[in-house]
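Quick notes on the structure that follows.
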Amino acid sequence: MIEINQVNKVFYQGSKEIHALKDINLHIAEGTIFGVIGSSGAGKSTLIRCVNMLEAPTSGSIVVDGVDLTKLSKKQLSETRRNIGMIFQHFNLLSSRTVFDNVALPLELAGKDKEQIQSKVTELLKLVGLADKHESYPANLSGGQKQRVAIARALASDPKVLLCDEATSALDPATTQSILELLKEINRKLKITILLITHEMDVVKSICHEVAIIGGGELVEKGTVGEIFAHPKTELAHDFIRSTLDLSIPEDYQVRLQPTRVAGSYPLVRLEFTGATVDAPLVSQISRKYNIDISILSSDLDYAGGVKFGMMVAELFGNEEDDNAAIEYLREHNVKVEVLGYVL
């Protein structure tokens, strides 16, 4: 449905070249929800703007539903964009128009008659849960309701693709989840392909079938959500997965943490479990095998793409040789171990 082939994008500041995208290759299958995640400045917003040619790639091709957008005239591109809906972080609603009229705008511009507009807008407002808000104005809506209006407007032209540019980042957690559930429902009911960008791994975990991780304008890693969470190959992927779990080191431990091991101190470790390692009794195994005591300070477990993953912060109480052997045993069994320091 969407093919991004060897796409590069260069911006210029005077004589300075800024490479926002570097040789990006992605294939997004029809009917999937595909996430692109990256930190601020990673290039993800530039990428999604290239997909509907709001930004023209410096080189490479963008193919949507078999049509190479980079080869179209302005008139052809304008017509083709009707197959591509887009929603934004800040909604972009017209404050002087009612909810009904905001959703009707693309239909008016397409020359639809009043009867067609009435029928389509009523159907869409029902779909997004705003059937009772026809005559309301944006100023009287919550953030979540405004985004629902924006989604309805984006669907007015019956697009085959819906682009979501940080669509939930301005919303509170509960509202974010309700918007994600709505997007899942739209994907299921309308069979529409959804490409969304985000800086939050929780969004990817909640809604996406596949994900690409972007850093410094480059494609770092891609795969199904289950694959990425079960077998992250890069440190950036580990960082994003870690961000979905709430693990904090108690303040009294932080002040006692030493960078090197001294007499009377013990290692504080962060353990990352993915896939099969989550269910394996590895912690009890190292306790028995190496005769060490283990104090668990915090732990968290979650699911994504049908895969369990979890993290744990623990203190190991043994002699230095046994502690090191236990850490090596965990690593040999595909647990990522980070020694955070030594607690005195």
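Using the three backbone atoms N, Cα and C, a Cβ is placed for every residue, glycine included.
Taken from Swiss-Prot, the feature ATP binding site covers G38, S39, S40, G41, A42, G43, K44, S45. In sequence order, H199, G215 are the residues near S39 (ATP binding site), counting only same-chain partners six or more apart with C-beta under 8 A.
Per Swiss-Prot, domain 'ABC transporter' is recorded for 2-241.
Here the binding-site residues are S40, S45; the one with the fewest Cβ atoms within 10 Å of its Cβ is S40. Highlighted in sequence order, H199, I214, G215 have their Cβ within 8 Å of the centre of the Cβ atoms of G38, S39, S40, G41, A42, G43, K44, S45, the residues recorded for ATP, and are not part of that set. Summarised as a single figure, the pLDDT of the domain 'ABC transporter' (2-241) averages 94. Annotation for A42 (ATP binding site): same-chain Cβ neighbours under 8 Å, separated by at least 6 residues, are I214, G215, G216, G217.
In the three-state DSSP assignment, the secondary structure recorded for G38 (ATP binding site) is coil. Taking a C-beta cut-off of under 8 Å and a sequence gap of six or more, G38 (ATP binding site) has these contacts in its own chain: K44, I197, H199, I213, I214, G215.
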